[in-house]
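Student: One structure is given below, represented as structure tokens, and several questions about it will come after.
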């Protein structure tokens, strides 16, 4: 075997740049072979000449949509392409990290070596194998792939222009040309993270809105993702003449506004989507929804929220006439979901950007093979910063930044902050100062727009150095600031908790998992894949890698087992009496079911029915019905002939109930408020107790206590509690005494340092004291500092309290004895939500306008939402001074949405009175 000549290093080369690592002998290698991914396509051979046309997509039709086919269809799953041929071999070059991270990071990424996937070199010459792309398959000639069949040509061109797309991936063209999808059959898209599933969802929703003239619902897991998607879809409003409506947090009306001439795409969280489905069924308007798209479909097995997702899908399957499209990258038991949703499955292993997974144990790198084995890939140089950076994170960033970016997933919030500070201190000066001026201007803009005009001092210094941390302890504004700075290239490294993996999309070149833990729990297979999938996103990088740092020993053993294990099955969340009872109550109130047999019919459309035997299902349904009756949520009218013919029915531990089932006033109230029945039982008892004993009106403290959520908990500062207790008026001390919180108890707690649990009256009273400070217009930053809690936690608690107050108000609408709460709580909600001058409140309904910015606009003459909606973006930038043109356009677009909603609500009222409104125009 011929060997390539060895290049010797001359001493002159070293003297030219004393900061460069000392080069060692390295073997020259031939250029790397192409690794371009080609989508493995399913081949469908025609059975007969007459059947060959079945593969051709139908032309665009503007007729009414076909009814969904209820029968289960055989799934045609695109087979995952196996790797073909030997792996591509990479010969590592040799170098040494001189003077730790500072010297190595001095090197520019312009000299990045493709042979070195870590941005570093190994000390030995072990072979490093890289994942090889599958060989292309020949596409069947009988299959005509034309995604324009999904949308009219003009609209498809407009979509490509907005999304800046040259062409679709092969699998996207194939999927959008699938006859089953175009015929309205339900579909599950199972593809890797970053494969481009979102494009399919957007095109299908546009097809439903433009071609079939029906609304669509996009269900997303988190509020932050909904807000991000609203911004991404905003250009569709003017381009396609549709409405994009947000249903998250405190946004969204029930029932939705009846639009004139336009159809809507509702972008909603799981909870809001369920309430939206309920309101449409109540109004008899569910047929207006032609499509429900669910992102992260695997969350159907995620406990409480999974139960809500399963319920909304079951109700839509049972009574709706539209199409369901579910998307996920981690669905192990996909056949169960296929059965439950009456869907076919489209699956491929295509990923547009190559992803390589590594595990770092000590100073040795291992590559993760397809079957989960760890193959030694080489040794890293000595970690010269081991005393301050024992995990060697700085080594893994050395040649990556500032040209590329990285996300470091840490086990907890405190660890995020510590790692971010470490990296910020260790970065070379030329990297820290590279964009300091731009970062400083960016932060000044943020602070001028922020009502508190303050930011965490540590976070601010990190951002100025090109590093940041991101976790739930930050406020929403701080998190958005970090995300915006990252997208503008001012931040190179983000240290985050695991929630970011399923949250906001931050495209990075490298993902580093600092420890295989989430809090105190071990990292699961699905979580690991989700984190790793964040590396190397299409349109931003040509490749990506994930490096997990593991300790040798027990941690290494179970991590190896996790890599080789299967993803846990996605199990139904309706398997308990609590969750099944909630579903049954919804069905009864919505008049979807009036007896056991009709309830059993509704359950047939759930994942639970696909995973459990009919006998166990009936047993759970009957016990859940009995439980609802015992808690007075429903009433049962047994049929006389059945009672006479079955005298032994009462002797049964779980009786068969043959009569009509109706909701009680309490059941209607629970449904109207969107409460869980178990939660409502405790809440109802507390509300009755408060009203019977009398609400203390000397201040708003008692009302704030009533709306304090049960699930919130924090550490108690008993010394502060005693000071605040002594400062309370006698009327408020009376309330604390009724809840068992007297001065004697506080004094004992100061000594014993007792911890309070979530939901107890004492804990809720302590949280109510924080809400009272905010009610009195104290800045949130100051309140959080005084009580020793995180600003992000306090903000989340405030928002949860506002939602709780709104829900209690709806709850009170159905129970006549609670009329005082129905009258008092709406004002409380408004004041807690805005806490501003009354004249500024209308302006603050616009996204991007808070109290400080609203005051500037009001002073400049923008006194109504309509004036902002008609504003010139350039003039708006000049008036505010601290915003960019993109922000100005976003504010104007949001103002137009608010104005549109207000006008449509008035038009809806005029339509009821028979007033002609066809000639009206918004602007």
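Each residue, glycine too, has its Cβ placed from N, Cα and C.
OK, Swiss-Prot features for this one:
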type: BINDING; residues: 191, 192, 193, 194, 195, 196, 197, 198; note: ATP binding site
type: COMPBIAS; residues: 43-55; note: compositional bias 'Low complexity'
type: DOMAIN; residues: 178-349; note: domain 'Helicase ATP-binding'
type: DOMAIN; residues: 392-596; note: domain 'Helicase C-terminal'
type: REGION; residues: 1-84; note: region 'Disordered'
type: MOTIF; residues: 295-298; note: motif 'DEAH box'
Student: Excluding 191, 192, 193, 194, 195, 196, 197, 198 themselves, which residues in that chain have a Cβ inside 8 Å of the centre of the Cβ atoms defining the ATP site?
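Tutor: For the ATP site the neighbour list reads 329, 351.
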Student: Looking only at 195, 197, the binding-site residues on record, which one has the least crowded Cβ, with the fewest other Cβ atoms within 10 Å?
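Tutor: Across 195, 197, these binding-site residues, the one with fewest Cβ atoms within 10 Å is 197.
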Student: In sequence order, which same-chain residues at least six apart have a C-beta under 8 angstroms from residue 192 (ATP binding site)?
Tutor: 329, 349, 350, 351, 533
Student: Tell me, if you would, which residue among 193, 198 (binding-site residues) has the fewest other CB atoms within 10 Å in the structure shown?
Tutor: 198
Student: Using a 10 angstroms cut-off on Cβ to Cβ distances, just flag whichever of 194, 196 is the loneliest among these binding-site residues.
Tutor: 196
Student: Per DSSP, what is the residue count of the motif 'DEAH box' (295-298) in each of helix, strand and coil?
Tutor: 2 helix, 1 strand, 1 coil
Student: Can you tell me the three-state DSSP label for residue 198 (ATP binding site)?
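Tutor: The residue in question, residue 198 (ATP binding site), is helix (DSSP, three-state).
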Student: When you measure from the Cβ of residue 191 (ATP binding site), which residues in the chain that are at least 6 apart have a Cβ under 8 Å away?
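Tutor: Spatial neighbours, sequence-distant, of residue 191 (ATP binding site): 171, 197, 327, 329, 347, 348, 349, 350.
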